[in-house]
Amino acid sequence: MKLDLIEARSLIFLPADRTDRLDKAAALLSGGVILDLEDGVTPGALGAARSSLSDSVGRLRKAGRKMVVRINSGEELAADLDAIAAAWPDAVMLPKAETAASVANLDQELAKRQAPENLRHILLVETPLGVVNAAQVAAAAHPGDALAFGSEDFATLMGVSSGPEELDFPARQVALAARAYGLAAFGVIGSIAEIKDQGAFAGYCSAARKAGFTGALTIHPAQVATAENIFAPTEADLAWANTVIEDAAQGGEGAIRGRDGRMIDRPVLARARSILRRAGA
């Protein structure tokens, strides 16, 4: 299944060695699953996680889930990709994406393993250098790829808390870079570790959506429901989009004046179509 990242509203991390949680992840009503080979797996369990990856991908694919695998950067990258090559997911997530060179290196390693042409990349920006170079990273990506903001790692490296006030500026830089190059953007403006207070997490998601993010990264099923609700088009969005489509169909080619008196041109029509696509994500 080809993963359309621009339309996904949530992605949930699942440690790749926790195969006992696969059925629960597969049963989620929406969103994609990130099988995590990096932070979610201890070094001693990494070998077992790689060995089980092919079976996990197969089970999730059978359940119709969108699948991403977060690999390790550095020395473990090659071994992770070797494991993935046995059963390609829909996308790979590269942690600590900081420069165009890191993206090019991933491309080279994937080419060595004859990765599918439609394999998408999620470039996780989670360091101060990565945020500074976010536009460079986005420019090196491919159509259909995405950037993601790693709030916890970034806050740790900056020596600040992972609250919305501290993360607002860097998160916006990542979203802006992604959208400037037509990429999806995942993240929340706040702590991804906020599980108990879904009201607070909803606020982090809402702030992210207003900043241009297209979906959230999550670590708990309760967060998935919250994110899916926040990032879904509202009834007002859908009503507006349907009106624009109808007016455009009746008005012929070129810019026209809609029934609400506002101009409808190609960018407006493209936004309306995007909203309707996202409604079915």
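Any Cβ shown, glycine's included, is placed from N, Cα and C.
Taken verbatim from TrEMBL:
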type	residues	note
DOMAIN	9-221	domain 'HpcH/HpaI aldolase/citrate lyase'
BINDING	Arg70, Glu126	substrate binding site
BINDING	Glu126, Asp153	Mg(2+) binding site
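Under a cutoff of 8 A between CB atoms, and with a sequence separation of 6+ in the same chain, the neighbours of Asp153 (Mg(2+) binding site) are Lys96, Glu126, Thr127. Non-local contacts of Arg70 (substrate binding site) by the CB criterion (under 8 A, 6+ apart in sequence, same chain) comprise Phe13, Ile34, Leu35, Asp36, Leu37, Glu38, Gly40, Val92, Met93, Pro95, Leu124. Using a 10 Å Cβ-Cβ cutoff, Glu126 (substrate binding site) registers 23 neighbours.
Secondary structure at Arg70 (substrate binding site), as computed by DSSP, is strand.
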